[in-house]
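Beneath this line is the structure, given in structure tokens, with notes to follow.
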Amino acid sequence: MRFRTMTVKYLLHFQNHRFYHTHRVQVRASAISQTTNNTPRHCNPDHYDYLHLLRSCKHLNPLLQIHARLLVSGLQQCTFNQPLLNSVTDPSSILWNSMIRAYSRIHLFHQVINLYHIMLDIGLEPDKYTFTFVLKACTCALDFHEGVAIHHDIASRELECDVFIGTGLIDMYCKMGHLDSARRIFDKMPRKDVTCWNAMISGLSQSSNPCEALEMFWRMQMEGLEPDSVSILNMAPAVSKLEDVDSCKCIHGYVVRRCIFSMISNSLIDMYSKCGELNLAHRVFDQMRDKDDISWATMMAGYVHHGCFFEVLQLLDNMKQKNIKMNKVSVVNSVLAAAEMRDLEKGKGVHNYALQVGMMSDIVVATPIVSMYAKCGELKKAKELFMSLEGRDLVAWSAFLSSLVQGGYPGEALCIFKWMQNEGLKPDKATLTSLVAACAEILSSRFGKIAHCYAIKADLESDISIATTLVSMYTRCELFTYATMLFNRIHDKDVVAWNALISGFTKHDDPHHAFEMFHRLQISEIQPDSATMVSMVSACALLDDLHLGICFHGNIVTIGFESDTHVKVALIDMYAKCGNLCSAENLFHLTKHVKDEVSWNVMIAGYLHNGCANESISTFNQMKLESVTPNLVTFVAILPALSYLSILREAMAFHACIIRMGFISNTIIGNSLIDMYAKCGQLSYSQKCFHEMENKDTVSWNTMLSGYAMHGHGELALALFSLMQETHIHVDHVSYISVLSACRHAGLIQEGRNIFRSMAEKHNLEPNMEHYACMVDLLGRAGLFEEVLGLINEMPAEPDAQVWGALLGACKMHSNVKLGEVALHHLLKHEPRNAVHYAVLSDIYAQCGRWIEARRTRLNMNDNGLKKSPGYSWVGAHKQDPSLSAT
């Protein structure tokens, strides 16, 4: 707009210099027309003809005709060398200005600069119009050194304060990042018009000091100049960077008063969106009478910027209903929203539109469409599209890698990275971030270290985002030494880097190191954020330290994070795990916002953690009444409650619900169903679920082994364990606990011995206390007490309560008073407040007829204030409390 205004003023001035009368101009125009129109096709005018015509031209109309002929003939691209220029007698600045302007219009900016130097060489003095166009050429060509040289020429001619030239200098210095030079020229100018102010505001608005742009905008009005539409457009980046809603509203009011709403409405939408005021942005959008494709694209971009992807898809539907054509920005934003919402149908629709209008040849459009297919699970389609892309650049490769990781294909991401290397492309920051994230997902420390080497080679290890991603990867792979060393090498740590290490310790059940890092964070000048508090509250839950958790809750309220959804969920979880259900319920029910499924899931799991299975199911039912759709995690949390209650009818109802919602193929759900049916007494249902599972993991096999053990099917457990090894399924400590439990319940002594020995010999697994407890129980049930004592004496560590408890139970079975007394002696060291141990020894005494000792043991239990809890039996009585107490 500024350049257009200057050009018009120049042309008006040019027309006022009438050196000839009107009839002479008409004659000249006629001559030009005859020269250009009547020349035979084989005898076109050459450079000399046009130069002579331009020299004699003194009026705008014939000048435009000559320019048009030059453009048509292609002669505007010729190089006017020195011999040709020497042939022109009596050259004038008007002629050269015309040529300079012509070159500038067709964006041959280096030719403009060359013409300027030729002017100087032939002794022709440039005027202010020459400098105006030459400065524009330097700006567009980004030729700073040439611009500075021309500035010196301007200063030597004392033209620096001319409003046109000064504006050109300000514009050049601003666009090349030299704001101080621009500001010095601006401050020296005695007279400034709106265009000059706009140039300075635009430069400041695009800089790192948007506050100065705002000050300049208000100062402009204080000096009596009315901002125009260009002023408002130039202010948009500054307001957006500052997220200054008040300034945005003031500008909005000014726009309405000046009646330029239709010209500025798209910028208002953009400003409000970037200031976080999406409602106001949408209100401006709704008030627009004539929305163009830019209006829709700007509104979409605002929603995408704030993660409101559902609203983007709604706008997409509205555009389809109103037959509005999408531009490239709309297509890209629609695809991004479809990818984040995992809405494959909408994504395919946008893809088809892009194909119809020929946008798929644009790499900027095609890349997010490829990413959309990857995120939506259409890996084959994504790879086909990616392979068909022409001109794949590093941005496209990085975007594809990132989408594969987010879509749950980290292994494929590593393969794509190798392919990228074969193409000769070197990874950049974005590529390495996705590569490290892929390594973290598959818990591959080996590939993670290779990615780390790439970062070092590319001199990116010191980059805060790369370093933070590497720290997170090492913590997920449980390589805390590497993570801590790398973390300590980060010079300017931000809160995200601290959170990566703190959350890593918390997620791997190491609250002590998490607190150590938190104390270091407090000593530093960095303030913890809501993510930090989530990790620390979780650490309190791991420590089972209610008092410490309450202290953190108070700190959270003081800082102002209590309204954060993630923090509130973490507090509910902490109170539940620390046994304070009352506080957990209060936080849950006092939530002002609509409770999402995460809050419900935590409350369901919290009830179950405290043995309140009925309350878990009631909470699930209430969740459905409040129209909150349960997700995968909800069913993972509720199925153990059904296992605990052993209610078959309810279990089958939940199973049907899982099938309807499409979660049946999930491995975790399948494992929970196997366990649930086994605990409900329906082992055949467990077997059916196990055999129908498509993707079994080690937990699946272990759960089935545990089910066989629970029901005393030792032979079936042994057969399944053998099959597990034959099919090369990873065997872990839990696998051995399950099969040893099956052996002890079935009395398979020799098989149990063989399996116990195979732990170290075959799988290089060291037995832990649970394995020893299983063997003590197995041998003790058979009355092999000498072998039991030998096993206990050979243990590498001091036996714990479960080992001595197993021995005490075996002593009761065989009325072995002597060993029973030894077992109780050791048990009381570990669990002095457990009344069950006293009761078992009292029963052993009674079995042997030693009533005095039995009575004395009971009295000791009572004297210590201990009382044995009553046992419960579960029956499925209709419309009655299913629990029957047996004291």
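Backbone N, Cα and C define each Cβ position, glycine as well.
Positions annotated as repeat 'PPR' by TrEMBL: 92-126 (among others).
Note on the repeat 'PPR' (162-192): its mean pLDDT in the predicted model is 87. Taken from TrEMBL, the feature repeat 'PPR' covers 162-192 (among others).
Here TrEMBL flags 193-227 (among others) as repeat 'PPR'.
If you look up TrEMBL, you'll see 292-326 (among others) marked as repeat 'PPR'. Within its own chain, the repeat 'PPR' (292-326) is flanked in space by residues 265-266, 269-270, 272-274, 276, 278, 281-282, 285, 333-334, 336-338, 340-341, 343, 346, 350, 353, 357, which lie at least six positions past its ends and keep a Cβ under 8 Å from the stretch.
The repeat 'PPR' feature in TrEMBL is assigned to 393-427 (among others).
Residue counts for the repeat 'PPR' (494-528) under DSSP (helix as H, G, I; strand as E, B; rest coil) come to 26 helix, 0 strand, 9 coil. For 494-528 (among others), the entry in TrEMBL reads repeat 'PPR'.
Counting only same-chain residues 6+ beyond the ends of the repeat 'PPR' (596-630), those with a CB under 8 A from a CB of the stretch are 565, 568-569, 572-573, 575-577, 579, 581, 584-585, 588, 637-638, 640-642, 644-645, 650, 661. Residues or ranges marked as repeat 'PPR' by TrEMBL: 596-630 (among others).
Marked as repeat 'PPR' by TrEMBL: 697-731 (among others).
Beyond its flanks by at least six residues, the repeat 'PPR' (193-227) meets 1-2, 5-6, 163, 166-167, 170-171, 173-175, 177, 179, 182-183, 186, 234-239, 241-242, 244, 247, 254, 258 of its own chain at Cβ-Cβ distances under 8 Å.
DSSP states for the repeat 'PPR' (193-227), grouped as helix (H, G, I), strand (E, B) and coil, give 26 helix, 0 strand, 9 coil.
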